[in-house]
Amino acid sequence: MELPVASDGVDLAAYRPRVPLSVPNGKETPVRFNESGYYHCYGDRNSVASHGSVAQTGYETLDTPPHYDFYANSEAWGRRRRFRPSLYQLYANPGDDSRPPMYEETTGEQMEGGDSSEEDEDRQKDPPPEPTRFGWVQGVMIRCMLNIWGVILYLRLPWITAQAGIGLTWVIILLSSLITGITGLSTSAIATNGKVKGGGTYFLISRSLGPELGGSIGLIFAFANAVAVAMHTVGFAETVTDLMRENGAVMVDRTNDIRIIGIITVTCLLGISMAGMAWESKAQILFFLVIMVSFASYIVGTIIPASPQKQAKGFFSYKADIFAANFVPCWRGPEGSFFGMFSIFFPSATGILAGANISGDLKNPTVAIPRGTLMAIFWTTISYLIISATIGSCVVRDASGILNDTLSSSSSSETCVGTACQYGWDFSECIKNSTCTYGISNFYQSMGMVSAFAPLITAGIFGATLSSALACLVSAPKVFQCLCKDKLYPLIGFFGKGYGKNDEPLRAYLLTYIIAACFILIAELNTIAPIISNFFLCSYSLINFSCFHASITNSPGWRPSFRFYSKWLSLLGAVCCVVIMFLLTWWAALIAFGVVFFLLGYTLYKKLVGLNNVEDHVKNYRPQCLVLTGPPSSRPALVDLVSCFTKSLSLMMCGNVIIASPSPTAVEKVSSDSHVTWLNQRKVKSFYRGVVATELRSGVSMLLQGAGLGRIKPNVLLMGFKTDWCTKRSVSVCFSDAFDLQYGVCMLRIREGLDISQPSQAHGESLNLNKSPESKFILLQLINTTSAPACIQTSITSSVSIDPAPQPSTVFQKKQGKKTIDIYWLSDDGGLTLLLPYLLTRRKRWARCKVRVFSLSHPKNSTMTKTDFPKILKILPQHFKLTLHVCLTSVHQFENMVGRFRLDTNPKLDSDSGPPRQQEEPWMITDQDLERNKAKTHRQIRLNEVLQDYSREAALIVITMPVGRRGVCPSTLFLAWLDFLSRDLRPPVLLVRGNQENVLTFYCQ
């Protein structure tokens, strides 16, 4: 983002001098920032005023500048973490026994004068050892490859090649890899949508895309992993059973032997999982090496000339005739179809989320997850293609395994059936009778038969099946535990309890064990695999659709940095998954999506009525705006600006307060349907709400507290600034109520004026707005993290029919071109000052505007450096320094502005003035008030000069609004700050004050 270069010295003095202070007794006192005395520098920094009295404590405490610590969830060793002051700390009356804002690197105990010797000793100790972190190779790629390689690779890929032929097998492999590849791209986009911490796949998705979709994905994904445990365990048990039968050892029969061995195996795996997985990462490397050695043994075996024993089993090394015969399909059995083979193979392509499951243990998850996941998909796909082509080029479909079945001279070659006839073998009898026990169509252990050393293939099967089963057995309970803790669904919280220092979900482990044991009893790999395919396809479709939905709805928190992500590719992946699900088993797909829609509807219902216990993540924030427009047609510019923030995607409500006694006439006037008609004609998706009140404050309070339903309620109040505030000060009371209700505050000021109506309308009637073109309304805004329905319909009933007002054009309806949006982020309000302009740039009218971010830079306290801003929003700010050498002319203008509110406390001039009069007229300004707020006053005066110099040609100026402390800053002085700060500016000015809660984050979850 292109930014200007700082040209002249705009120096904001630190207000907290680092030099010794001169006090009346002539001694030098070191600077201390605690509750017993705050010191601030005024004017030219040579005169220092000391506020040591308790009554004046913290009056001049400045807002904190933006800082990395305010958005970080962790702290660096050896340095105290900073905390953003709350809105109550900034605004509350010091007489209410509230502390001044803490933004120095101090703790509450230190501010109370407590002994910090123990903390000093702790700081001198060595830093705690860093936990083991994995790179993208060991942490993601190897882990994903081990989970992708599994029982299907060794025991079913040759059989699938025999059924579908090499050509269609490649199509099956590539189609599976296409689905997992697109899902991998979507997962990479989620992983690069901010800084990734721990929490696994479910936590990553639910916090990035919302708990509604995250809950459905998590539940299905956990169940799919539990069933995958059964599939890999059955594959292991099947191999052990075959080995036992080769050596004449049989317990009952083949099916029951698989059940017995499977139950014993999964029980042992459960014990290992519950005992701890400290050796798990090292074991992964061992398993990987074993699998690679087994691959090497297989490739070498295909090159070695076939022995008679192997030829009898159908292996003849590389032959073009065998490749040609096996290239075309030969369907057999009930599973003999393309999608039947696909349903059996697809589980071997899953496991791509294994790296995301250990996101907290990666060195750089935003790099490791995309790179490792996509590389794992690529290499496993290559391995599947190679094995399918080589096994189909070396082994015939049918063989008897009998050494005597050679083609003798007495037998006729014309009666011989099968490709093996060309190589001197006659398997015609078993082919005709369908009694062949070898060949890739009949012998599941064909890879072991082909390999140079068969025990290595067996070792590879053990390594692949046990590692995959163990990984699924660990991940499923973790995901389910997160689901239970979020309390999205009833009756499952019992399984979320953790035990021990690592919070191990023992109950969830037992639940996963029971589910796996039930599916192990099926004891048929070809039956379990399609079930898993259905669930994994469903979860992958939801992941892809979630990413597409976040992109198409322009979610403010969806900003992935992964450059290869495409929302249309995610939509393609979601559609492919759904289509394949119905082609595999249509009734199972209907059941799966019925469950998904039920879970989604239940979660949305709980969220709508406010029963959801999961706090929406900052990234899922939507502005919910209550706009005090009066009649909406009277202030179209205000309506147009807010509609740019909401744009049919979040709540917007236009509020109108009629100042009158309750009567049928007043009610009919305030509820006229002409207001809604005007909004609909302007194509603004907004509700309208009018109230009748005896005064403005009570009407605004009713709207603030009564509008909305459940968690879908306004959190942004928009009002207007009146240039005749000098005569009417009731608007300042609305600021007080907004701050008390934790609303953010903004003010909009445009040169042409907002109010185009006559003074007799609504707010104008009660406040006697003058006809000056600068009659304005204040914008008060707070951000909530709840989402409104995507399409909001405006409706209201009324018995009065009034023709809608005309549709005038405003500056916010025009394309802004290549102008700039200048953001002056002077104080950290949670990020609202940055976020609102960002929302504007997502609209076509503002898309070509460049954003320039200015921040204050303190010369001797450069904690807010250029390295902190990219961490917060990846925007390089324009730092500037602001001197307090304000122009005397500007100071005189400000003094004249507030002169009528000055309270002369000189008893010689007016013996009746003083504190008693100030109590009767709290808006009056005393000399003490001016002295307390001198630094802030000079700051606003100087900032207006800076805005004139830097942002004269901007499309919009967004600046952090100052906060006046209750009981310290009179309302008239505060309104004078706002007036002077935004006066005589050509572009629209939006002063923004968040509620000191984060609306920005660089975390992914």
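The backbone N, Cα and C atoms fix where each Cβ goes, and this holds for glycine too.
Whatever TrEMBL says is automated annotation, not expert-curated.
Noted in TrEMBL for the protein shown:
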DOMAIN    49-115  domain 'Amino acid permease N-terminal'
REGION    91-132  region 'Disordered'
TRANSMEM  134-155  transmembrane segment
DOMAIN    139-621  domain 'Amino acid permease/ SLC12A'
TRANSMEM  167-193  transmembrane segment
TRANSMEM  213-237  transmembrane segment
TRANSMEM  258-279  transmembrane segment
TRANSMEM  285-306  transmembrane segment
TRANSMEM  338-356  transmembrane segment
TRANSMEM  376-396  transmembrane segment
TRANSMEM  452-476  transmembrane segment
TRANSMEM  506-523  transmembrane segment
TRANSMEM  572-600  transmembrane segment
DOMAIN    635-768  domain 'SLC12A transporter C-terminal'
DOMAIN    806-1004  domain 'SLC12A transporter C-terminal'
> Given pairs 6 or more apart, does the transmembrane segment (134-155) have at least three Cβ pairs under 8 Å with the transmembrane segment (572-600)?
Replying inline: no
> Using DSSP, how many residues of the domain 'SLC12A transporter C-terminal' (635-768) fall into helix, strand and coil, respectively?
Replying inline: 53 helix, 27 strand, 54 coil
> Where else in the chain does the transmembrane segment (506-523) make close Cβ contacts, counting only residues six or more beyond its ends and a cut-off under 8 Å?
Replying inline: 222-223, 225-227, 229-231, 233-234, 237, 255-256, 258-259, 262-263, 266-267, 270, 273-274, 473, 476-478, 480-481, 484, 494-499, 531
>> On average, what pLDDT score does this prediction assign to the domain 'Amino acid permease/ SLC12A' (139-621)?
In response: 85
>> If we skip the immediate neighbours and take only residues 6+ beyond the ends of the transmembrane segment (376-396), which ones have a Cβ under 8 Å from one of its Cβ atoms?
In response: 140-142, 144-145, 148-149, 153, 157-158, 160-162, 165-166, 169-170, 173-174, 177, 180-181, 184, 295, 298-299, 302, 314-320, 322-323, 325-327, 348-349, 352, 355, 418-420, 427, 439-440, 446-447, 449-450
> Taking residues 6+ outside the transmembrane segment (213-237), which of them lie with a CB under 8 Å of any CB in it?
Replying inline: 150-152, 154-155, 201-202, 205-207, 257-259, 261-262, 265-266, 269, 347, 350, 353, 461-462, 464-466, 468-469, 472-473, 475-477, 479-480, 482-483, 486, 488-489, 511-512, 515-520, 522-525, 528-529, 531-532, 535-536, 538-539, 542-543, 545-546, 549, 592, 595-596, 599-600, 603
